[in-house]
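A short write-up of the structure that comes next.
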Amino acid sequence: MHIAIMSRNKNLYSTRRLKEAAIARGHDVKVVDHISCYMNINMTSPSIHMKGVELPKFDAVIPRIGASVTFYGTAVLRQFEMMGVHPLNESVAITRSRDKLRSLQLLSRKSIGLPVTGFANKPSDVPDLLDMVGGAPCVIKLLEGTQGIGVVLAETRKAAESVIEAFMGLKANIMVQEYIKEAGGADIRCFVIGDKVIAAMKRQALPGEFRSNLHRGGSATIVKLTPEERSTALRAAKTMGLNVAGVDILRSKHGPLVMEVNSSPGLEGIEKATGIDVADKIIQFIEKNVKATSTKTKGVG
């Protein structure tokens with residue numbers, strides 16, 4: 001097969017591993033910088049160009065779209081879909097999962113466990129909002145934040161009110177969530193491919209830190225999932241419409257709670273923590289599922 005990997009940097013660990021795995025299985029691979037692409041949108045022969053050259057025909061595309069370029073990246077992916085290229089994850093599913101508030105609302109509708117979450121527009125609603133999530137301590141998150149950036153643990157009600165009002169004053173969209181103390185600064189990343197959780201790791205925050213992101217110095221170890229945790233991860237990925245996803249779960253006294261569903265999960269942490277060749281499993285999944293007509297939405301919506 002001819003496979004395109006949408007990535008800003010061919011030297012990134014995940015991009016490099018996916019390319020190596022695809023080549024090892026006999027496929028032709030091209031890394032495409034989606035920000036350097038531009039599109040010819042017409043009714044007879046839509047195409048994608050890069051640096052003055054029309055891209056060749058691909059059988060499948062693996063989107064590795066960073067959060068900061070979601071709009072343009074998914075536009076390029078939609079163009080691939082309209083041209084009949086099979087996407088590992090569809091543009092609609094990626095867009096859905098990148099909207100943190102919408103994704104929580106969709107998960108809630110499917111009765112999937114979540115931390116109690118509040119969202120408001122006016123500073124006058126802040127006191128009631130804090131009551132909704134059980135008061136302080138609570139977690140305040142920028143909707144546009146990634147890798148733990150824009151996430152604040154407010155340990156007192158006064159601190160929470162000050163942080164929320166400051167964010168609102170900057171016209172930033174935020175949500176407020178209950179703090180799950182019993183998680184102990186740890187979460188579980190479940191790596192979902194198709195209808196299976198193929199790997200899982202526990203990420204532990206540094207002492208004095210509550211954010212367990214590996215980008216923030218957290219450590220990762222292999223972990224055994226309970227049947228309920230496995231089921232929750234699969235249901236969360238399916239609700240987003242994602243074939244490949246990193247589902248982040250907190251262990252709480254109420255059972256597993258989904259924090260986030262990541263449409264472009266990194267491979268380095270999970271492969272090194274578990275020893276599992278995740279990249280190879282992704283390529284195998286593509287081999288089994290590629291059909292020119294298998295994009296459900298055809299780039300619509």
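Cβ coordinates come from backbone N, Cα and C, glycine included.
In Swiss-Prot this protein carries:
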{"type": "DOMAIN", "residues": "104-287", "note": "domain 'ATP-grasp'"}
{"type": "BINDING", "residues": "Lys141, Glu178, Tyr179, Asp187, Arg211, Ser212, Asn213", "note": "ATP binding site"}
{"type": "BINDING", "residues": "Asp248, Glu260", "note": "Mn(2+) 1 binding site"}
{"type": "BINDING", "residues": "Asp248, Glu260", "note": "Mg(2+) 1 binding site"}
{"type": "BINDING", "residues": "Glu260, Asn262", "note": "Mn(2+) 2 binding site"}
{"type": "BINDING", "residues": "Glu260, Asn262", "note": "Mg(2+) 2 binding site"}
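Structural mapping of features recorded in Swiss-Prot.
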| residue | record | CB count, 10 Å |
| --- | --- | --- |
| Lys141 | ATP binding site | 21 |
| Glu178 | ATP binding site | 19 |
| Tyr179 | ATP binding site | 18 |
| Asp187 | ATP binding site | 24 |
| Asp248 | Mn(2+) 1 binding site | 21 |
| Glu260 | Mn(2+) 1 binding site | 19 |
| Asn262 | Mn(2+) 2 binding site | 22 |
Checklist outcome for this item: Asp248 (Mn(2+) 1 binding site) sits from Glu178 (ATP binding site) (Cα to Cα, rounded, in Å) at a distance of 16
Next on the checklist: DSSP secondary structure for Tyr179 (ATP binding site), reduced to helix/strand/coil, please.
Outcome noted: coil
Checklist entry - Between 0 and 100, where does the mean pLDDT of the domain 'ATP-grasp' (104-287) sit? => result 92
Checklist outcome for this item: Candidates Asp248, Glu260, Asn262 (binding-site residues); nearest Cα to Lys141 (ATP binding site) turns out to be Glu260
Next on the checklist: Measuring Cα to Cα, how many Å separate Glu260 (Mn(2+) 1 binding site) from Tyr179 (ATP binding site)?
Outcome noted: 15
Checklist entry - Roughly how many Å separate the Cα of Asn262 (Mn(2+) 2 binding site) from that of Asp248 (Mn(2+) 1 binding site), to the nearest whole number? => result 8
